[in-house]
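Structure first, then comments.
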Amino acid sequence: MLPFSMTGLEKDHTRGVLILANAHRRSERSRTASCAGPAVLFGGLITANIVAWAWAFALFADRPVVMATALLAWVFGLRHAVDADHIAAIDNVVRSLMQTGGTPRSAGLYFALGHSSVVVVATMLLALGVVSLGGDGLLKEIGSFIGASVSALFLLVIAAINLAIFASLWRTFRKAREQGIRDAAGLDALLAHRGILVRLLGPMFRLVTKPWHMYPLGFLFGLGFDTATEIGLLSISASEAARGASLADVMVFPALFAAGMALVDTADSTLMVSAYRWAFVDPMRKLWYNLTITGASVAVALFIGGIEALGLIGNRLDLSGGVWTLIDALNESLANVGLAVIALFAIAWLLSIVLYRRLIAGSSGLADTEVLECADATEAV
């Protein structure tokens, strides 16, 4: 028999302490997982880059000219990752998946893997002599048409969906401010009645419901060998094969290309997750940030998708001069446009913070509380 007996009040107190302790342990495990996720992801990517470079050094340590060519292939991957179609597709899908409660840090990785799979296969075919540089005109033309069509169509569809969502979010935002609604339940109720367009277009967003669904999309995007980086990589690989290099020697170039591209595209999706997480701390802030970024997404997707679509039309119909010269120039410098898109989203995030604090939180007398987690610091790699 126990030397004492617990009263009902003591039992309730003990049960409450145990519940709080369990909740604290779950919170700590969640925090640890949030910190470990990006570290594991980027640790693996950095390891992949190191392995690719170790492979290159093992093959070409005594051939500095070829090592310089290997460096060029890796830089091609870094540069190709910031092509405008990559950035626009990844950022839009990350925003969509964050809406459903996901943390799609790896969306950029899967997109890059799908994209680089095409390059790896094409390089292998070249190295094996199945396709020669002089006889791949038809294959290149078909691949270019498919890749450009998929890229332009996807971005224009995304622009149309985001435009409908932007109009709906704006109506919801105005209604929330007019009615003074700031609680999550109230905003969710408003968001559930955003009109027929959002309900009709919802299934299109559900086509990409997990980060790995970006792999086939990246593969389709990669079918167009019409960018300078991809053509340059294939030329490097073909030149080495023509000099009598083995398959292992040639395949190191697409490996370096893929490693560099995956690193940058994954960094892009991870940074976007961090940006969206800031917005999701407060329901009203979430709505405001969605409004800001959706507007930027519409502008970016329309601009890039329009450039690609018009470029495709111009090439098919042999149009030249005037505005078509400008369109050709823009299509040839999409990597620079991609860097501008990253800058645009960063500026939109900063403006969203400043305007929210001055116009929204300030006018309502509510402090813009911040939630500082180690995940936020880790994700901003």
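Every residue gets a Cβ built from N, Cα and C, even glycine.
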Regarding membrane topology, does Swiss-Prot annotate Ser149 and Leu355 with the same topological domain? no
DSSP residue counts for the topological domain 'Cytoplasmic' (85-110), split into helix, strand and coil: 19 helix, 0 strand, 7 coil
Other than its close neighbours in sequence, what residues sit by the transmembrane segment (40-60), given a CB gap under 8 Å and a spacing of at least six beyond its ends? 66-67, 70, 74, 105-106, 109, 248-249, 252, 255-256, 259-260, 262-263, 266-267, 270, 381
Summary of DSSP states over the topological domain 'Periplasmic' (314-333), given as helix, strand and coil counts: 14 helix, 0 strand, 6 coil
